[in-house]
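Student: Input: one structure, supplied below.
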Ligand code: GRF
């Protein structure tokens with residue numbers, strides 16, 4: 001059975017594209033039923049429109065609390081009978097409201113070897129720390145910041161010659177393979 005997937009994103013959307021392309025290439029038995037964004041001007045929105053994927057703009061400021069915003073999101077996701085949620089550069093903390101509706105069904109990608117360098121600047125922080133290697137982590141989402149249990153990791157060595165720009169490019173290249181393949185493994189084991 002084709003898994004009904006929701007992707008949540010706030011930005012550029014290269015991971016969204018990697019997942020969508022893997023589906024098109026029959027490498028991932030899923031369908032992106034909806035893209036959830038918190039910013040309607042994010043470039044990822046254009047990428048979803050190009051692929052005729054429905055977009056749901058969650059306007060957090062229209063709700064008194066984040067929990068109420070997420071309750072309306074759960075109603076929307078239920079319409080699509082969503083089975084798995086992939087966060088792909090979604091810059092918001094998920095609360096227990098959404099976590100309870102999708103236990104162990106919300107996955108995130110983070111550009112470091114967690115638990116090292118959580119937070120918004122995982123690549124920059126690893127580069128500045130001059131560690132010999134960093135990488136990419138796919139993990140389950142909990143209510144903390146990049147703190148859920150790890151599903152998959154891939155190391156990216158930091159060479160003497162690397163700049164922040166070259167390291168970012170290497171990390172993103174790994175992300176675009178690791179995310180779809182990990183999603184495929186999760187889907188195939190369910
Ligand atoms: C990626 O580096 C991802 O690991 C992080 O946010 C970035 C999103 O990039 N969580 P994009 O929007 O998928 O291009």
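Cβ coordinates come from backbone N, Cα and C, glycine included.
Relevant sequence annotations retrieved from TrEMBL are reproduced here:
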DOMAIN    4-183  domain 'Formyl transferase N-terminal'
BINDING   13, 14, 15  N(1)-(5-phospho-beta-D-ribosyl)glycinamide binding site
BINDING   66, 91, 92, 93, 94, 108  (6R)-10-formyltetrahydrofolate binding site
ACT_SITE  110  active site, proton donor
SITE      146  site 'Raises pKa of active site His'
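Context for these features, please: burial, neighbours, distances.
Tutor: Neighbours of residue 15 (N(1)-(5-phospho-beta-D-ribosyl)glycinamide binding site), defined as other CB atoms within 10 A of its CB across all chains, total 23.
Counting Cβ atoms from all protein chains shown, residue 66 ((6R)-10-formyltetrahydrofolate binding site) has 15 others lying within 10 Å of its own Cβ.
In three-state terms derived from DSSP, residue 110 (active site, proton donor) belongs to an extended strand segment. With a 10 A radius on its CB, residue 110 (active site, proton donor) counts 24 other CB atoms from all the protein chains.
The Cβ neighbour count for residue 146 (site 'Raises pKa of active site His'), using a 10 Å radius and every protein chain shown, is 21. Under the three-state DSSP scheme, residue 146 (site 'Raises pKa of active site His') falls in the coil class.
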Student: What same-chain residues, at least 6 away in sequence, bring their CB to under 8 Å of the CB of residue 91 ((6R)-10-formyltetrahydrofolate binding site)?
Tutor: 10, 11, 38, 120
Student: Among the recorded positions 14, 15, 66, 93, 94, 146, which have a Cβ atom lying under 6 Å from any atom of ligand 1?
Tutor: 14, 15
Student: Determine which residues of this chain, when 13, 14, 15 are set aside, have a Cβ within 8 Å of the centroid of the N(1)-(5-phospho-beta-D-ribosyl)glycinamide site's Cβ atoms, and list them as they appear in the sequence.
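Tutor: After dropping the recorded site residues, what remains is 9, 11, 12, 16, 17, 18, 44, 47, 88, 89, 176.
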Student: By CA distance, which of the recorded positions (15, 110, 146) lies nearest to residue 94 ((6R)-10-formyltetrahydrofolate binding site)?
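Tutor: Smallest Cα separation from residue 94 ((6R)-10-formyltetrahydrofolate binding site) among 15, 110, 146: 146.
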Student: Can you tell me which of the binding-site residues 13, 14, 92 is spatially closest to residue 146 (site 'Raises pKa of active site His')? Compare CA atoms only.
Tutor: 92
Student: Who sits close to residue 92 ((6R)-10-formyltetrahydrofolate binding site): which same-chain residues at least 6 apart have their Cβ under 8 Å from its Cβ?
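Tutor: In sequence order, 10, 38, 60 meet the Cβ cut-off.
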